[in-house]
Amino acid sequence: MRPLPGAPGVAAAAALLLLLLLPRARADEHEHTYHDKEEVVLWMNTVGPYHNRQETYKYFSLPFCVGSKKSISHYHETLGEALQGVELEFSGLDIKFKDDVMPATYCEIDLDKEKRDAFVYAIKNHYWYQMYIDDLPIWGIVGEADENGEDYYLWTYKKLEIGFNGNRIVDVNLTSEGKVKLVPNTKIQMSYSVKWKKSDVKFEDRFDKYLDPSFFQHRIHWFSIFNSFMMVIFLVGLVSMILMRTLRKDYARYSKEEEMDDMDRDLGDEYGWKQVHGDVFRPSSHPLIFSSLIGSGCQIFAVSLIVIIVAMIEDLYTERGSMLSTAIFVYAATSPVNGYFGGSLYARQGGRRWIKQMFIGAFLIPAMVCGTAFFINFIAIYYHASRAIPFGTMVAVCCICFFVILPLNLVGTILGRNLSGQPNFPCRVNAVPRPIPEKKWFMEPAVIVCLGGILPFGSIFIEMYFIFTSFWAYKIYYVYGFMMLVLVILCIVTVCVTIVCTYFLLNAEDYRWQWTSFLSAASTAIYVYMYSFYYYFFKTKMYGLFQTSFYFGYMAVFSTALGIMCGAIGYMGTSAFVRKIYTNVKID
């Protein structure tokens, strides 16, 4: 078969885009090994209010002065670094490996009224700044006010202590000194010193000082995992006992009915899930949207699983933006999963507009994420924040969607339609839908959907607190073993709950189980988003339009993605259960 024209070029472009996403451990500016007297670069990153972690601006947006040394340009190493607003600018300070620097002035600020007002505003809002030496982050405070809040002081002296082990930097500490009162029309001298000291810290362990074991490995964390695990054992036991016992009675009753003659069967009181066998495998309403959601949910689950495993093996927190870069790369690479499950389900439900389904499935999550990001980006541009995504990065993300995600999704859709797209249901679907009888209010699908997410949320909400704190506060999340356990527990609880809900629904002779199983599991997202409101108002001190829109915008994206994943997991488990029980029933 002759290859399509231009196919090698498209493949090469796709491969190049994926390679650009890979987090690189080394760059020409920091190979993490130094010779004596070799230049060490101090990068100035961002400055911003302490209580609004994501509201950051370029360091030199405040009227700090630059050292006399010639500037060095910096490029974004990864897409994740660019998306996270990492803006590295050269400090101009002359630092050499193992070469101490005595206290010296590196620049002078000519403080007029405008510059003083900028510093006063920063001090009032508790501005802090971030710097990097050899990828190690350093934090400092801009200044402080006196007790009465009338006079304001700027820290003018940066005292750096750098630890080395062999030819590698393993530790950096900053002490801010030289408190100078801010008085208009004066000159303020900025100074620094560098002290090198030998350290026993291994290079592989140099990030350990930034971790907080007392927080993440607290007894509450262990207790929450144990509590969720006990919930899983209880639920699995309950589901097994109730369903197996009930199903055994159902099978016995249905077998007895098989032995009756037609007259007795007509006079008998028939009820239960067997009565809807001719409608239970009827295609769901809106199959195109439904199959796209299931495919997207399966892909999100695959991405979550792979990224957590990679994070458990590799310390992704040691490289700027590496977690986001890895997630984007894995999402693009797992696009065939989306196409396979979504395309095969759509084919089994008799859908014919498979190309439209493929496009919706491929762009559902990217459109949601990019739409939210671009909306927040306009606010970031208005605020001149470093979180504003560069135009080139936007183009790169769009290219990934069109030249990587879409073709791979097409491959998955074709495979899904051909390998598992045949509707091999154990029961024949009736031509005319059966009328749904009236039932008690608590058996209505809307009630089941609202209640279905409570137990899955209960199994993860403690972990949500730790994840929120690591993202919205100043903690580095590193206990990915806990996260893997919570993901497994969430899957088991979700499947158990949706199976029980579906059994009760079918027993009430309501065959609308597809959307009910999906939405009852997806309702977990509603409780997570409600919890995010509690966290915002009672656990943080965030304020301002930018930080608030950033918080609630991305929490909506996170909750929606979690809901789609849980919905897909619930549907897949319930689908296997429904197929199993109807396979074991003898039907005329």
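Every residue, even glycine, has its Cβ placed from backbone N, Cα and C.
Note that TrEMBL annotation is computational and uncurated.
Record features (TrEMBL):
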type	residues	note
SIGNAL	1-27	signal peptide
TRANSMEM	222-244	transmembrane segment
TRANSMEM	288-313	transmembrane segment
TRANSMEM	325-347	transmembrane segment
TRANSMEM	359-383	transmembrane segment
TRANSMEM	389-411	transmembrane segment
TRANSMEM	446-468	transmembrane segment
TRANSMEM	480-506	transmembrane segment
TRANSMEM	518-538	transmembrane segment
TRANSMEM	550-572	transmembrane segment
Folded-back contacts onto the transmembrane segment (550-572), same chain, C-beta under 8 angstroms, at least six residues removed: 54-55, 293-298, 300-301, 304, 341, 365, 368-369, 372, 375-376, 379, 387, 452-453, 456, 472, 490-491, 494-495, 497-498, 514, 517-526, 528-529, 532, 536, 542
Maximum Cβ pairs under 8 Å to the transmembrane segment (518-538) - stretch from the list 222-244, 325-347, 446-468, 480-506: 446-468
Other parts of the chain folded back onto the transmembrane segment (359-383), taken as Cβ under 8 Å at six or more residues beyond its ends: 55, 57, 83, 85, 288-289, 291-293, 295-296, 299-300, 331, 335, 338-339, 342-343, 389, 394, 397-398, 401, 405-406, 409, 413, 545-546, 549-550, 553-554, 556-557, 560-561, 564
Range from 222-244, 325-347, 446-468 with most C-beta pairs under 8 A to the transmembrane segment (480-506): 222-244
Any contact, the transmembrane segment (325-347) to the transmembrane segment (288-313), with at least 3 Cβ pairs under 8 A: yes
